[in-house]
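The next block holds one structure in the form of structure tokens; read it before the comments.
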Amino acid sequence: MKSPALQSLSMAGLQLMTPASSPMGPFFGLPWQQEAIHDNIYTPRKYQVELLEAALDHNTIVCLNTGSGKTFIAVLLTKELSYQIRGDFNKNGKRTVFLVNSANQVAQQVSAVRTHSDLKVGEYSSLEVTESWTKEKWSQEFSKHQVLVMTCHVALTVLRNEYLSLSNINLLVFDECHLAIQDHPYREIMKICEDYPSCPRILGLTASILNGKCDPAELEEKIKKLEKILKSNAETATDLVVLDRYTSQPCEIVVDCGPYTDKSGLYGRLLRELDEALHFLNDCNISVHSKERDSTLISKQILSDCRAVLVVLGPWCADKVAGMMVRELQKYIKHEQEELHRKFLLFTDTFLRKIHALCEEHFSPASLDLKFVTPKVIKLLEILRKYKPYERQQFESVEWYNNRNQDNYVSWSDSEDDDEDEEIEEKEKPETNFPSPFTNILCGIIFVERRYTAVVLNRLIKEAGKQDPELAYISSNFITGHGIGKNQPRNKQMEVEFRKQEEVLRKFRAHETNLLIATSIVEEGVDIPKCNLVVRFDLPTEYRSYVQSKGRARAPISNYIMLADTDKIKSFEEDLKTYKAIEKILRNKCSKSVDTSETETEPIVDDDDVFPPYVLRTDENSPRVTINTAIGHINRYCARLPSDPFTHLAPKCKTRELPDHTFYSTLYLPINSPLRASIVGPPMSCARLAERVVALICCEKLHKIGELDDHLMPVGKETVKYEEELDLHDEEETSVPGRPGSTKRRQCYPKAIPECLRDSYPKPDQPCYLYVIGMVLTTPLPDELNFRRRKLYPPEDTTRCFGILTAKPIPQIPHFPVYTRSGEVTISIELKKSGFTLSLQMLELITRLHQYIFSHILRLEKPALEFKPTEADSAYCVLPLNIVDDSSTLDIDFKFMEDIEKSEARTGIPSTQYTKEMPFIFKLEDYQDAVIIPRYRNFDQPHRFYVADVYTDLTPLSKFPSPEYETFAEYYKTKYNLDLTNLNQPLLDVDHTSSRLNLLTPRHLNQKGKALPLSSAEKRKAKWESLQNKQILVPELCAIHPIPASLWRKAVCLPSILYRLHCLLTAEELRAQTATDAGVGVKSLPADFRYPNLDFGWKKSIDSKSFISIPSSSLVENENYCKHSTIVVPENAAHQGANRTSSAEKHDQMSVSYRTLLDESPSKLQIDVSAELAAINGVSYNKNLANGNCDLVNRDFCQGNQLNYCRQEIPVQPTTSYPIQNLYSSENQPKPSNECTLLSNKYLDGNANRSTSDGCPKMTVTTSTSTALNLSKDKVDSEKNTSSGYSSKTLGPNPGLILQALTLSNASDGFNLERLEMLGDSFLKHAITTYLFCTYPDAHEGRLSYMRSKKVSNCNLYRLGKKKGLPSRMVVSIFDPPVNWLPPGYIVNQDKSNTDKWEKEETTKENLLANGKLDYDDDDEEDEDLMWRLPKEETDFEDDFLEYDQEHIKFIDSMLMGSGAFVKKISLSHFSTTDSNYEWKAPKKSSLGNVPFSSDFDDFDYSSWDAMCYLDPSKAVEEDDFVVGFWNPSEENCGVDAGKQSISYDLHTEQCIADKSIADCVEALLGCYLTSCGERAAQLFLCSLGLKVLPVIKKTDWESTLCATGENCNSEQKNLSPNSVSACIVNSEPSLYKDLEYGCLKIPPRCMFDHPDAEKTLNHLISGFENFEKKINYSFKNKAYLLQAFTHASYHYNTITDCYQRLEFLGDAILDYLITKHLYEDPRQHSPGVLTDLRSALVNNTIFASLAVKYDYHKYFKAVSPELFHVIDDFVQFQMEKNEMQGMDSELRRSEEDEEKEEDIEVPKAMGDIFESLAGAIYMDSGMSLEMVWQVYYPMMRPLIEKFSANVPRSPVRELLEMEPETAKFSPAERTYDGKVRVTVEVVGKGKFKGVGRSYRIAKSAAARRALRSLKANQPQVPNS
């Protein structure tokens, strides 16, 4: 569409070409096709870029608009030519000179050059100062500085006196060069240049060549003159000539609106009134002192605004504006102090009300009456009606919009934007939001002159839309240029305005509004989409305004309509002619101008004649590129290359004329395209053809290298080339709902059974193996946890113990702890004898006893389980052993088994009757080690008690503790009608036998190993010391059980021992399997080797708040342990008195040293505590105190109040399980049993502190108070306990560590996989990244990252993990023997098992009791049913509850239930206790979506508890101990779609796991191999899983690689000691993949392109970089890497290397891994939650960008992108002001005070990118050495790592969810027009907060930050309850 001649249209026939009516169909030119792809010309580049090209090529005068990039061009030109000015001045080095007109402009230029380059800049502004300088002084200046910024006067002096000769200047920049036309120093300077033979390059900058009105002829004259004076060509920026030179011009129309007929006379009346009032104000003769405000000023302003609205828009609008102004005035009147001023304001107020009254006589203000608006308005509405979309289009267009295939495209959602910023009258409803069926077609701007016109016109259009269905589609808004300019000083008022304006613009960009009414400010510099309608409501008064507004109409079909009043139309047509002429002149000056008409006139060439098309196949409709379509293909290809939001990559085409008047073109593609060489086309007859032909040739090349697909479209990132990488698998078909790999999808898996326990039931006369279960009390329970003052019973004191009899050998596994009432007991499984046989009846006896243990002692039998040892999957015998016949060895205790068979009390209650004749006789020895059964109650399931003490001073006649009964005898008589025959017998103090069978973790610690708060320990001790609270029984009324108490105590440990054994064997099996598959480790362990003990890593992992680091003195302890852990302490050792005293003395000294210690500074404490503890925990301690002599220590330890002092200073969390315990008891905390896995298990951390890098040994010895020793592989001493020098490095990881990697946090065990998973996750990313980088040197970043994301996706990891059989081996739910443990020899009876199937409705109360389920927790020991409480306590069921303090009852079941994916109702009737003072709290509604810490709550696997719990954060007491309340999953909102079917599975043999948990497990195992065996092993492990991260080499190449290993094997493999062949071939074991051996990655060969003068270019490009190398302390061997790391994709001057994207991809993964590894190895042992937070605080773009700026990266950055230039500029300024970093905030903020308003400053992603790319460059340059990278980066990062570790920054999102877990809801993302994302967070009842950012994550955190700010601001008003 050529720009038609001016059409002056009368009102009648206004024909507009609107998109809807366009012949090209409704979608041609929809406004949101943001960048239309041009087909016949190359995509135009940014005008600043073109101007820079010109300036590099020849002397140039750049004519620009104000502020649009003069500095950009000047600074970049200086940088491009900087290689010429780095030389020594005295040896002919050159200098760059910047000339400015006045002194105050000097600083500005100086700072720009300093910010963006490392050049040294001298500034000379004052003539007075410099006049006196001598030549020498100047020479010094010139030597010191490379760029000289001077005022023109100084420069003139310097040149005239020849202090600096022109031959030493390489570039002369004239700012405001138009001054050279007049008499000005610039003119003089140019004269000097004229006479000089070699003149420097000249750059003139001017913004004011067009000021105000200007005659075209004059303008042309002026430009010519300037060109002559400056010896340059003038180039204008395209923003002065409308638009990109290429796109079609808008259709320009001038509309004559006709006169206004004032039928009602209202208009005239109002006009008169207003004129009179204004006249009056002007007449008021008030003396105004210059200092004072003019009292009439405001009034005049208001009335003249009102008059303007009346004239332009008519009475209806004048009425509206009067109403608005009255409201404004009220504010002024209220605040006005001065009488006179007030009077005028009141006058105005009255006057406006009068106007309103006048209008009301004529029309009702509520509805719009078109009689009362001006013809302009009517015309405008008419135009708008033309844009009404066709109805049918609604759907297509919305559809089309939402189906754009962009990966990052976020779907629209109904954004609930209430327009608070408009003055909407209450009755108006806010505008309807996107997506309305229409919004899509119109995208228009109406330009008006005054602010008020904009406001009222907007109101009018809204009103019209309500009344006229034709206009209903319009959704308008207004914007008045308040403080929109980028760099104006900001004040609060403006901030508010600014935010509003931003929001209006955002909506317009997002097409939520389709019409914008704007004042002229929007003409300039504001980023607005391409409009298809621009209306000038008021005519443009000068060229600039005309061009700017016209330039907004950029849609392919657009109208530029100027509304003129009849009287103005003549004069305006004149103006318009002038504007057109000026435009033409400027267009000729336009850089690279192409006469646009050529495009239109030139016929489409019949391509085949000129140049044959490129055809793929010969058939008819084969895809082809012709000479006419080629350019479009190239443009499309470039647009698809990876780039940042600021850079739109475009091809560059240069066309030159040959002497014979033919033309040839050279085409350069963007530098991140694999096709790097420039393409030269053949000579053609005209330039246009030359350009097309070269494009065609280029298409052919691109297709051949696989960059265009077979339809000749750009290949996406899912490229065919890399198929093999993606290993496209068919996802298995399952009926399971949910996306594979996500947490939402769960499946059931059988629980694994270790091979060695499968079918290993001994058979008669077949050889057997007998193992003894050794039990040694290694850490007795400390005093302050021993509330009952119970005696401790070390298991090693009695010889009778349990053994395991099997038919297969059991591999060696580490010793492990269980936690009994006596403390920590270390369990070992030792082979006693093998190869012997047993007869049938012996086996039968053993089998009967085995069943007896599980069914009667442990009461684990229930209807669902049947004892069938021959059919059971896991079958072996548990049997008692003892020292037989004086020999000192243990053997099977047959005698004991036979005795039990005979005993009467074996299963029931014996019926012995005592009478007066045969009274009961008390024998003390019978009761010393006895379990007794009361014979008078609970006959079906008698209670069993341990005898704790024999009270010889009490008899049945002693006084009964409670007043109801006189004596014990009376109590029994009254209550049970029992007579005693022996009244002298002593009484027994008894303890319940334990019903808590899960002894895997200590019950006084939560999973962090942090003491649970003890509710007022003092109170408890008192309670247990008074007789009232003891259970006292009479021997005569009890039967003695045949099993002695000592053995019973061991039997209680059996479920935990066997369960742990089972898990460790599964882990050991996995280790052996990996040894086979991956060749890492050995298949079967050496006979003399045992791994160090399983350890929870607690003793040293101190709670994250206190961070006491463990100093080296803790080594002592480990050495002691080494001795200890292999010796089973002989029983008698503990009884040697001598030792005892010595240890007591030792402790005395110790307590003394403690006191002195505490008087010193707390920091000292940090050091010595562990040393002293090490002393306590040494061997002697364990031996001697095993006997209960531990009071001493602890009392000494906590004497006095010195510890309280310590408590205020540093909150030390207990480092061991004994000292300082009651410090932490907070008064009213509930005391969970250890099964209560509060959510803190999310933080659990049991992993020992291991270093992952093999290279540098770090001090990572872990201390531990149990015998458990944690092997740290770098520490040689720690291997003492392994008799010969094996280490986990050669043998494979400790099964304990593997078990940790298999244990989910829901298992509530002492450890879980979370820390390892994080380490594995970052190593995985690193390994895959490095592999892809090295294997595909041609793939650009987009593709690499697509391949990476496919490989590391949870879905892929889940698949590999499943293939490897991990799900069965994982530990996913809490160990709860009565519910989900299958004892050996048992099978699940399918018919009866439904009680344990999840689907079954209620389990009845009886059933619960029968299974012993409610006897849960060891707390029942605390609240045994005291006989003398309430008569109704007979129902043993309530016993457990009655005695709880109220705060204990907060939860009973204390188990964290899984995500409620079975919608199983829970009847609270199980729990209805009759105790009136206890009430159940009704379950709160919990919306699981946002529970603290766990964003995906579904990770919890279902544990087996019938009462489900949720966290009630409102009761959160301390950092992360939560109170658990009941949560009834059948409520709505529980995070589960109600429709989800419940999964039914058997708890004993199956487990249900979310896919994502399996992926996590794979990562954790990787972390486990990495920490234990090193990086190479971890890579091999990945390969064996099926994730290729190493190249495969053929068998034959192996030898050759071996020789090379020493020199170039990358550093990760160096430590495999190349000298020993076996060490290097890690796969020395026969590998599963016989034919696969893995080699080492090779560094991609070329990093520089072959290029004739590559070396020279390289030196030019990196001149000055040596300073940077000094700064980072690393010197590059291959400088090309250095250049590449700093080259942005837009920097096309670099023709020799790639851009930084690939290196950034590599560096990103390297830094992530190095930082994660560093944090993981931190001796402070951060918990998983803290690790995650630290990692995200440190590995993010903001931090990287800030560091990059701090270390001057930006000064070396090479990019040609104006927007990026400005963002970096802003950011650098901001950093300088701030000089202080914030964590987590991805968008940094300007000022701290009043943060509500200040604008988030944008962090240039490119800065973070080069920070990463440099890391990648160092990695490649140093031969893949991670150490080298860390050596350079750690010093830079260290301050931040330290700062954050000491004070962990929380992500705003997490903080908000922790603050408002129930009420904060995040909306889905909404896309804004400019490609940003908006997220709204609603905090129910407290408001909605929006955040906008470049990604969902950034937006979400911005929203959360706003919400937090607001919540925190409002907090104090809440009264503290």
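Each Cβ is built from the backbone N, Cα and C atoms, and glycine gets one as well.
Swiss-Prot annotates D1809, E1812 as Mg(2+) 2-binding residues; of E1704, E1721, E1870, E1882, the candidate listed for that same site is E1704. Feature annotation (Swiss-Prot): of 1270-1289, 1390-1409, the stretch labelled region 'Disordered' is 1270-1289.
Looking up the ranges 175-178, 1163-1166, 1247-1250 in Swiss-Prot, the one annotated as motif 'DECH box' turns out to be 175-178.
Around K1805 (site 'Important for activity'), a 10 Å sphere centred on its CB holds 19 further CB atoms from the protein chains shown. In space, K1805 is the closest of the recorded positions E1317, E1704, K1805, D1809, E1812 to K70 (ATP binding site), judged by Cα positions. Mapped onto three states, the DSSP output places L64 (ATP binding site) in coil.
Within the chain carrying the motif 'DECH box' (175-178), a Cβ under 8 angstroms from the stretch's Cβ atoms is held by residues 61, 70, 74, 98-101, 105, 109, 186, 204-209, 222, 226, 230, all 6 or more beyond its ends. DSSP labels the residues of the domain 'PAZ' (895-1042) in these numbers: 39 helix, 27 strand, 82 coil. Sequence-distant neighbours of T71 (ATP binding site): residues of the same chain at least 6 apart with a C-beta under 8 Å from its C-beta are Q108, Q109, A112. A Cα-Cα distance of 31 Å separates D1809 (Mg(2+) 2 binding site) from L64 (ATP binding site).
Listed stretches 895-1042, 1665-1823, 1848-1913 were compared with the domain 'RNase III 1' (1277-1404); the greatest number of C-beta pairs under 8 angstroms is found for 1665-1823.
Between the domain 'DRBM' (1848-1913) and the stretches 51-227, 895-1042, 1665-1823, the greatest number of Cβ pairs separated by less than 8 Å involves 1665-1823.
Secondary structure of the domain 'RNase III 1' (1277-1404) per DSSP, as helix, strand and coil residue counts: 76 helix, 6 strand, 46 coil. Using the Cβ center of E1704, D1809, E1812 for Mg(2+) 2, the list of other same-chain residues with Cβ within 8 Å runs, in sequence order, Y1700, Q1701, L1703, F1705, G1707, D1708, F1744, G1808, I1810, F1811, S1813, G1816. Distance between Cα atoms for E1317 (Mg(2+) 1 binding site) and E1812 (Mg(2+) 2 binding site): 23 Å, as a whole number. Nearest by CA distance to L64 (ATP binding site), out of the recorded positions E1704, K1805, E1812, is K1805.
E1704 (Mg(2+) 2 binding site) falls within a helical segment according to DSSP. K1805 (site 'Important for activity') carries a helical DSSP state (H, G or I).
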